[in-house]
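J.: One structure follows; several queries about it will come next.
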Ligand code: AMP
């Protein structure tokens, strides 16, 4: 199964991604996670990416596309993968299409999680993530049993640097201007599944699984 997960910041992509990769046993490739790991490790890529991420802007394509195409040629992606946060604009999607054609790989589905713009800021600002296992929570809608502690592994929860109100608003605007056109792009390829993201976490997941079918 080769999937792209699409949706604005705060749509619940991270939460659903965890369930999808677990069910379909495919690697989760998140460009945001790759950049955050590089920032933590202080690499050159991390330093460059941080300048853009702190402002809620997209990291330039020349730093991003190669990362993904290199990753999906690795052995563990032979039977499938899930891209989360990539592509983020039409140019990235075109680069990906060219690469997939050259390597004889076809995408199965683009899962597009739809959430009204008005509620996205609150969703992203309330997000908390486990430092150890990456599980995501929301202070209001999906809170951990114990404040600040992960239910799964007892790790410490943190808030992403770019999940403050100002940066989230900018990221939503960037999504509307640059990423949303991908909905039309993939609709015209006939592989998009639009999912109502304003339902319970469980119902959103059920709709995604129905859209993907049970093929592995
Ligand atoms: P995410 O974790 O997907 O919300 O991404 C966090 C930030 O990483 C974004 O706001 C961008 O600054 C950067 N980023 C992640 N994926 C991409 C991408 N495909 N292209 C450009 N920038 C990206």
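Cβ from N, Cα, C; glycine included.
TrEMBL labels come from automatic prediction, so no person has curated them.
Look at TrEMBL and you will find 10, 11, 12, 13, 14, 15, 127, 136, 137, 199 tagged as ATP binding site. Sequence annotations record features per position, and here TrEMBL assigns region 'NMP' to 30-59. Marked as AMP binding site by TrEMBL: 31, 36, 57, 58, 59, 85, 86, 87, 88, 92, 160, 171. Sequence annotations record features per position, and here TrEMBL assigns region 'LID' to 126-163. For 127-162, the entry in TrEMBL reads domain 'Adenylate kinase active site lid'. The Zn(2+) binding site annotation in TrEMBL covers 130, 133, 150, 153.
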J.: What does the structure give for the C-alpha distance between residue 57 (AMP binding site) and residue 14 (ATP binding site)? Integer Å is fine.
T.: 19
J.: Averaged across the region 'NMP' (30-59), what pLDDT does the model get? Just tell me the whole number, please.
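T.: The average pLDDT of the model in the region 'NMP' (30-59) works out to 97.
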J.: Going by DSSP, is residue 137 (ATP binding site) part of a helix, a strand, or coil?
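T.: DSSP call for residue 137 (ATP binding site): strand.
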J.: Measure from each Cβ of the binding-site residues 10, 31, 59, 86, 88, 133 to the atoms of ligand 1 and list the residues where some distance is under 6 Å.
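T.: Close enough to ligand 1 are 31, 59, 86, 88.
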J.: Just to confirm: which same-chain residues, 6+ apart in sequence, have a Cβ under 8 Å from the Cβ of residue 153 (Zn(2+) binding site)?
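T.: Looking at Cβ-Cβ distances below 8 Å from residue 153 (Zn(2+) binding site), excluding near sequence neighbours, one finds 130, 132, 133, 135.
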J.: What is the number of other Cβ atoms found within 10 Å of the Cβ of residue 14 (ATP binding site)?
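T.: The Cβ of residue 14 (ATP binding site) has 21 Cβ neighbours within 10 Å.
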J.: Nearest to residue 150 (Zn(2+) binding site) by Cα distance: which of the binding-site residues 59, 88, 137, 160 is it?
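T.: It is 137, whose Cα lies nearest.
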J.: Residues with Cβ closer than 8 Å to the Cβ of residue 86 (AMP binding site), same chain and 6+ apart in sequence?
T.: 4, 29, 31, 64, 68, 92, 96
J.: Take the Cβ of residue 133 (Zn(2+) binding site) and count every other Cβ within 10 Å, whichever protein chain it belongs to.
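T.: By my count, 12.
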J.: Counting by DSSP, what is the helix, strand and coil composition of the region 'NMP' (30-59)?
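T.: Counting residues by DSSP class gives 21 helix, 1 strand, 8 coil.
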J.: Reduced to three states, what secondary structure does DSSP give residue 14 (ATP binding site)?
T.: helix
J.: Among the binding-site residues 59, 88, 160, whose Cα is within 10 A of the Cα of residue 127 (ATP binding site)?
T.: 160
J.: For residue 137 (ATP binding site) and residue 160 (AMP binding site), what Cα-Cα distance in Å is obtained after rounding to a whole number?
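T.: Cα-Cα distance, residue 137 (ATP binding site) to residue 160 (AMP binding site): 12 Å.
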J.: For residue 10 (ATP binding site), what residues in its own chain, 6 or more apart in sequence, show a Cβ-Cβ distance under 8 Å?
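T.: Listed in sequence order, they are 115, 119, 120, 121, 122, 123, 124, 127, 168, 172.
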